[in-house]
Amino acid sequence: MRLREPLLSGSAAMPGASLQRACRLLVAVCALHLGVTLVYYLAGRDLSRLPQLVGVSTPLQGGSNSAAAIGQSSGELRTGGARPPPPLGASSQPRPGGDSSPVVDSGPGPASNLTSVPVPHTTALSLPACPEESPLLVGPMLIEFNMPVDLELVAKQNPNVKMGGRYAPRDCVSPHKVAIIIPFRNRQEHLKYWLYYLHPVLQRQQLDYGIYVINQAGDTIFNRAKLLNVGFQEALKDYDYTCFVFSDVDLIPMNDHNAYRCFSQPRHISVAMDKFGFSLPYVQYFGGVSALSKQQFLTINGFPNNYWGWGGEDDDIFNRLVFRGMSISRPNAVVGRCRMIRHSRDKKNEPNPQRFDRIAHTKETMLSDGLNSLTYQVLDVQRYPLYTQITVDIGTPS
């Protein structure tokens, strides 16, 4: 019998070769799937980072270092030729608690302040927390008031301060979200000096801060404490501030270790003014510059609204704090030194003849005179490169 010849190459061998190619393809697909899964895992399950990990350019990267496109590590998105979003806190809607006028963002300033906006808050979470004591502090400073101040130049010297006077550290997350409230009327030259000196100090202190100048409209008698209440209410409409520094416009610290932030107890900052021979005039003194946390401020029902004219409201505030079981913390007299810009008494800010009687009744009046009785009307909001000015009608003495 003739034996059948074994199968040689030809059509009968094709099924084995096809199977081999199919197996190779399956292995390649599995390897690709495993690679994509690994990259996805390394990206922290954030698909937006996949192009960076695999070396593909994105519109923000532009084929170069991504830090340059997002303002290095500043947490600010440079928008290039695109029309920028509104500055921080800007809105075309009426401001709550005010009139129907829209919020207006205007004022001169460098273009860099107009073409950059903060990145989403989630980006800041990747930054480390700022240290308890800033390494940028320099200590004692020479404070002089004998040179003119140009606010456009001040803005250029502080390029990281954003429209409306907002700033946050570039390379760490500050635990101190501070609104600085300045009661104001007809003190433009003093405000220039304040902005010139304080913006660098506040940045070296690594604060997340905003500057609010609360301008009393009209020529009725001045009411400092009521303007501070207004500043508290209005600042919270912009940002989740947790600390409030209340500062007269004519006081400048002489040492940047004097922290413009809040502590476990209410803080008196201007403890050694040149006006008083660099000493505390009396133990209960709480005037000039002070800081209260949001909770501390709410606990005392804010500040009194019925102190029209000069004097008395600081002592009323001190009484409120004591009646709520709080004590005053202060820096030492060396760190707490401040200089006052000399000036004559403002018109419509004469001494309040009722102040001593009102101070004597703080315990009875603090429950009904404060945030819960505050009335005012916002007339205008202007956001300048170095500060936000809110002009308000706070009424007249009843």
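Each Cβ is built from the backbone N, Cα and C atoms, and glycine gets one as well.
What Swiss-Prot records for 183-187, 222-224, 249-250, TRP310, 343-346 is UDP-alpha-D-galactose binding site. Around the Cβ of ASN223 (UDP-alpha-D-galactose binding site), a 10 Å sphere holds 26 further Cβ atoms from the protein chains shown.
With a 10 A radius on its CB, ASP250 (Mn(2+) binding site) counts 21 other CB atoms from all the protein chains. If you look up Swiss-Prot, you'll see ASP250, HIS343 marked as Mn(2+) binding site.
What Swiss-Prot lists as N-acetyl-D-glucosamine binding site is GLY312, GLU313, ASP314, ASP315, ARG355. DSSP gives ARG355 (N-acetyl-D-glucosamine binding site) a helix state.
Swiss-Prot lists 61-76 with the feature compositional bias 'Polar residues'.
What Swiss-Prot lists as region 'Disordered' is 61-117.
If you look up Swiss-Prot, you'll see 1-24 marked as topological domain 'Cytoplasmic', on the strength of sequence analysis.
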Subject >> Chain-internal residues near VAL249 (UDP-alpha-D-galactose binding site), provided their CB is under 8 angstroms and they sit 6+ positions away >> reply: ILE182, PRO183, PHE184, ARG187, HIS190, LEU191, TRP194, VAL213
Subject >> Other CB atoms within 10 A, centred on ASP314 (N-acetyl-D-glucosamine binding site) >> reply: 22
Original post:
What is the maximum Cα to Cα distance, in Å and rounded to a whole number, among the residues GLY312, GLU313, ASP314, ASP315, ARG355 annotated as binding N-acetyl-D-glucosamine?
Top reply: 10
**OP:** Please work out the number of neighbouring Cβ atoms within 10 Å of the Cβ of ARG187 (UDP-alpha-D-galactose binding site), leaving out its own Cβ.
**Re:** 20
Subject >> ASN223 (UDP-alpha-D-galactose binding site) and ASP315 (N-acetyl-D-glucosamine binding site), distance between Cα atoms, whole Å >> reply: 15
